[in-house]
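Can you read through this structure? Questions will come right after.
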C-alpha cells in the first residue's frame, strides 16, 4: 500500500507546486502590466482596473463552465450560501478600496510594511473562525517573514493616523477574506469548487466596484476613452491584464483550497520578493543593501515556515 501512496503523494506535491507557479506567474504578470500601464499611459484608476479584472473573471468563468464545461456547474443551494459568497466579494472590495485610500496618506514603503502583517491577521482569524492552531514553531517562522518585509520597505518619516487606520483595516480585511474563502471552499453541504466560486463572486464584486469607481474616480470614463484614442495598444494591454487577473484569481482559490489561508499569505510575501527582483531586472529600479537583506530574510522565513508545517503537521 505504501508503494501506491508514494506516487500519489508525489503527484499531489507536483500539482500543488504547479498551482503555486501559476499563481506566482499570473500575479507577477498582472503587477508588471499594472506598472507599465501606470508608467506609460497615465492610467491612474486602480478601482476601475480592478473592476475590469473582476469582469474578466466573470466572463471567463462563465465560458469555462457553461460552454467548455471544464467543471460541472454547481448551483447555489441556499440563501446562507449566497450570503457567504456576497460577503466574500464585499470584503474583497473593501480591502482594495481601503488600500487605495491609505496610499493617499501613506508612502508606498510604509503601506507595504503594514501589509506584511497579513499572515498575523490570517492566523488570528483562522483561530477565531475555525479554531485552527498551528505549532508554535510555525508561528515563530512568521517573525522573519514580517520583519524582512518591514526592513526591505525601509523607514519612511511620513505617518498619517487616518491613512494608517485605513491601511491596517485593508490588511485585516484581506486576511479575513482569505480565511472566509477557505471555509466556503471546504465546508460540508455548501462546498463549491474554485471555478464556481469565482463565477458567483466576481459579478457581485463588479456590482460593488462600479459605483465605487464612479464615486472615487468620477472622471474615469472620460480619461479612459481619451487614453484609448491616444494609445491604440492600451485596450489590448488592458485585456491581457484582465485575462491574467482571471488566472491569478483562479490559482489563488486553488492554492487556498489545497493548502491553507496562512500558507497563501506567507507565499504572497515571498511572491513580493520575486516580483521585486523581476521588476529590478526589467525596469532597472534602484536597490539598496538593506532592501536586498530584507527580502532575503523574507524568503528564508518562507522556507522555515514550509519546513515547520511539514515537520509539525
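Heads up, the Cβ atoms here are built off N, Cα and C, so glycines get one too.
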Name the residue range among 197-215, 216-234 that TrEMBL annotates as transmembrane segment.
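Checking TrEMBL against the ranges 197-215, 216-234, the transmembrane segment one is 197-215.
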Any chance you could find the range in 12-33, 82-103, 136-153, 197-215, 235-255 with the most Cβ pairs under 8 Å to the transmembrane segment (45-70)?
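By the under-8 Å Cβ criterion, the transmembrane segment (45-70) pairs most with 197-215.
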Could you check whether the transmembrane segment (197-215) and the transmembrane segment (12-33) come into contact, where contact means at least 3 Cβ pairs under 8 Å with the two residues of each pair 6 or more apart in sequence?
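Contact between the transmembrane segment (12-33) and the transmembrane segment (197-215): absent, because fewer than 3 Cβ pairs are under 8 Å.
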What stretch of 12-33, 82-103, 136-153 shows the most Cβ pairs under 8 Å to the transmembrane segment (235-255)?
12-33
Same-chain Cβ contacts of the transmembrane segment (12-33) under 8 Å, 6 or more residues past its ends?
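Sequence-distant neighbours of the transmembrane segment (12-33): 53, 237, 240-241, 244-245, 247-248, 251-252, 254-255, 258-259, 267, 271, 274-275, 278-279, 282.
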Averaged over the domain 'Sugar phosphate transporter' (16-305), what pLDDT does the prediction give?
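Mean model confidence (pLDDT) across the domain 'Sugar phosphate transporter' (16-305) is 78.
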